[in-house]
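Q: Take this structure first; my questions come after.
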């Protein structure tokens, strides 16, 4: 999807330092200071326009959330939703997922959300998929032993690829749904994409997984 460039996005984000963290590397290992508490930290990689992460922060005040989106012109929409939600447990960061280890210490993140990530369908772009083993290695370092990855997509090919990638990485699949909205799963908070695709009748695929470190 092509994103309309918003030249004013960076300045707009920087107007709200209580929400937008301009230099997340400065807080590596010190994110508890940012939030002012010791609550667990959950991150969403590729948070887009922010509907999911804002909804999660509002529904779970006992958890700290960080929405990560590399495109500032998109992240500025997430900022607007964060302002509207008016929650103290949400921060936003503009960074590429490849740089996460520069922003977070080992084991500092309790849970990772991957929602409707770019499927990168061409074979030569496989390594760009956020469920590629290269990224799984990064996630494994960021998560504690009990940490989990929650993944949602409407793209069956990406879901099947991810199931295989997680399994070959010796991860434990603790939840798998091939049609989330017609399952017994409760507490689902939809993303903008999720609302769009489910309204057209597409099934939503979801899984939960954790690293097997026994």
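The backbone N, Cα and C atoms fix where each Cβ goes, glycine too.
Take a look at what Swiss-Prot says about it:
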BINDING   44, 69, 96, 118  S-adenosyl-L-methionine binding site
ACT_SITE  118  active site
BINDING   122, 154, 191, 192, 193, 194  substrate binding site
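Just tell me what is around each of these and how deep it sits.
A: Secondary structure from DSSP puts residue 96 (S-adenosyl-L-methionine binding site) in coil. Within the same chain, residues at least 6 positions away in sequence whose Cβ sits under 8 Å from that of residue 96 (S-adenosyl-L-methionine binding site) are 70.
Residue 118 (S-adenosyl-L-methionine binding site) falls within neither a helix nor a strand when secondary structure is assigned with DSSP, and so counts as coil. Non-local neighbourhood of residue 118 (S-adenosyl-L-methionine binding site): 46, 128, 129, 130, each in the same chain, at least six residues away, with C-beta under 8 Å from its C-beta.
Mapped onto three states, the DSSP output places residue 154 (substrate binding site) in coil. Counted within 10 Å of its Cβ, the other Cβ atoms near residue 154 (substrate binding site) come to 19, all protein chains included.
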Q: Using the centroid of the Cβ atoms of 44, 69, 96, 118 as reference, list every other same-chain residue with Cβ within 8 Å of it (recorded S-adenosyl-L-methionine site), in sequence order.
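A: Neighbours within 8 Å of the Cβ centroid, excluding 44, 69, 96, 118: 45, 46, 47, 48, 68, 70, 71, 97, 117, 130.
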Q: According to DSSP, does residue 191 (substrate binding site) sit in a helix, a strand, or coil?
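A: SS state of residue 191 (substrate binding site) = coil.
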Q: Identify, in sequence order, the residues in the chain of residue 192 (substrate binding site) that are 6 or more apart from it along the sequence and have a CB within less than 8 Å of its CB; answer 'none' if there are none.
A: 48, 49, 51
